[in-house]
Structure formats: structure tokens, C-alpha cells
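All remarks here apply to the structure that follows.
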Amino acid sequence: MLKIGPYEFQSRLLLGTGKYPDLEVQKQAVEVSGAEILTFAVRRMNIFEPNQPNFLENLDLTKYKLLPNTAGAKTAEEAVRIARLAKASGLCDMIKVEVIGCEKTLLPDPVETLKATEILLEEGFIVLPYTSDDVVLAKRLQELGCHAVMPGASPIGSGQGIVNPLNLSLIIEQATVPVIVDAGIGSPADAAFAMELGADGVLLNTAVSGAADPVKMAKAMKLAVEAGRLGYEAGRIPKKRYATASSPMEGMSVV
């Protein structure tokens with residue numbers, strides 16, 4: 001069970017809703033993914049323009065918890081303004097804080113992320129900040145009182161997978177709130193690996209929406225997250241330098 005603030009979820013896969021070929025493919029992918037939390041960029045939504053089409057009209061919103069994000073914000077002030085706009089729409093009380101500090105890498109600005117997180121927590125938001133794999137920054141965000149931390153596996157949309165498993169492991173080890181690996185996931189193997197490291201969840205978008213068959217990939221990601229979590233809970237065997245026979249010679253009959 002994934003617990004974020006007062007909410008509990010069966011699925012540990014969080015799915016982004018952008019860049020799908022069309023709304024029907026998006027709907028099918030969302031459904032087969034089993035995801036219960038859907039994220040979207042507030043700036044790309046027509047939440048106050050009912051005559052304009054948006055993906056919300058295509059989904060049964062009783063099945064999902066919406067997680068708007070502040071994509072496009074470059075300062076804490078912009079992120080806070082976007083978050084307030086999302087809350088005013090009446091659709092949600094959770095917010096993914098995303099303050100980009102570099103246009104080329106789309107890596108988050110740590111200082112502005114901390115500022116925005118602190119303000120939004122004071123205003124009563126359920127805050128999930130997108131951050132780098134900086135161990136100390138993740139700790140600071142946690143100490144502020146955020147409801148989850150979302151370290152990136154690698155740059156957004158890069159598909160590079162987990163480039164620094166050590167840092168992610170350290171973030172997970174020190175965490176007292178859920179750790180949701182966000183950004184850079186490119187394949188089911190990446191998602192499974194994140195879960196095997198002990199992450200509480202995985203958020204991805206491009207890996208599904210950009211796949212040759214987004215619906216099949218959504219199902220693959222669902223199974224990968226489940227398998228990775230089971231593997232983590234089961235406990236992998238330790239790595240050793242030399243072989244150990246699975247059928248020891250002791251006790252064997254002489255043929």
C-alpha cells in the first residue's frame with residue numbers, strides 16, 4: 001500500500017498524461033497501467049475553459065487521484081502561483097512541485113524548489129517535490145514536511161534509466177516519507193530496478209507515451225513495478241565472488 005498524506009493507493013505506478021498520440025490511446029494506456037495517480041501540467045490544461053478539450057473529459061475521474069504539476073515554473077513564485085491555480089480549480093489538493101533550473105537538462109533548481117515547497121506546505125497543500133538525486137536536498141525537503149520526495153533517475157524524457165543507483169539508495173535509506181523515482185525511466189527494466197532498490201513508487205510518462213505501442217508499454221510498466229516491489233520485499237541473494245552449487249555434493253548417492 002502506497003500512502004501519501006491521508007491517501008492510500010494500491011498501485012505504486014504514477015503515470016503522466018502528456019504527449020500521447022491521441023486521447024483514446026491515452027485513455028487505454030491509463031486503464032491498463034493500473035495507475036491510480038495521474039499527473040499533468042497545469043499550464044497545458046484548460047481547467048477554467050470548459051469549451052476547450054482536455055484529457056479529463058476522457059476519463060472516469062472517480063477512479064483516479066489527480067496530481068497537477070508546476071512544469072514550466074522557473075522560480076518559487078511561479079510554482080506557487082501555478083499550484084494555487086490548480087487548487088482553485090477544485091480538482092485536487094496534491095501538487096507536484098517542479099521548478100526547472102536548466103533548460104537544457106531540465107534539472108530542478110534546488111533553492112527555488114525548497115522555497116516553493118515551504119510556502120505550499122504552509123498553505124496546506126500535500127506536496128511532492130521533484131528533485132535531483134542529491135541526498136542532502138532530499139533530506140531537507142523531508143525535514144520541511146513534504147509528503148513524498150521524487151528524485152529523478154536521470155534527466156526528464158532522456159530514457160537513460162537510473163544513472164546513480166547509489167544516491168537513490170541513500171535517499172531511500174534515510175527516508176521517512178515515500179520515495180517516488182521520477183524522470184528518466186525508459187524501460188520496464190528501469191522501473192523494476194527502481195523498485196528493487198526500495199523505492200515506494202515510480203512516476204513516468206515518456207517511456208509509455210513515446211513507446212511504439214503505448215498501451216502495451218503501460219501494461220509492461222505495471223508488471224515491472226509489481227515485480228520490482230515483490231523482489232525487494234522478498235530480498236535478493238547476496239552477490240559473491242565465487243560459485244555456490246544449488247545442488248551440494250553432500251548427501252548425494254554414489255552412482
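All positions are counted from 1 along the displayed chain.
Even glycines carry a Cβ here, placed using N, Cα and C.
What Swiss-Prot records for the 1-deoxy-D-xylulose 5-phosphate site is Ala183, Gly184, Asn205, Thr206, and among Gly124, Gly145, Gly157, Gly235 the residue it adds there is Gly157. Take Gly157, Ala183, Gly184, Asn205, Thr206, the residues named in the record as contacts for 1-deoxy-D-xylulose 5-phosphate: the widest Cα to Cα gap among them comes to 9 Å. Separating the Cα atoms of Lys96 (active site, schiff-base intermediate with DXP) and Gly157 (1-deoxy-D-xylulose 5-phosphate binding site) is a whole-number distance of 17 Å.
The candidate set comprises the binding-site residues Asn205, Thr206. Of these, Asn205 has the most other Cβ atoms within 10 Å. Sorted by the number of other CB atoms within 10 A, the recorded positions Lys96, Gly157, Ala183, Gly184 start with Gly157, the lowest. Residues Gly16, Pro155, Ile156, Ser158, Gly159, Ile185, Gly186, Leu204, Ala207 surround the recorded 1-deoxy-D-xylulose 5-phosphate site, their Cβ atoms falling within 8 Å of the Cβ centroid of Gly157, Ala183, Gly184, Asn205, Thr206, which are themselves excluded.
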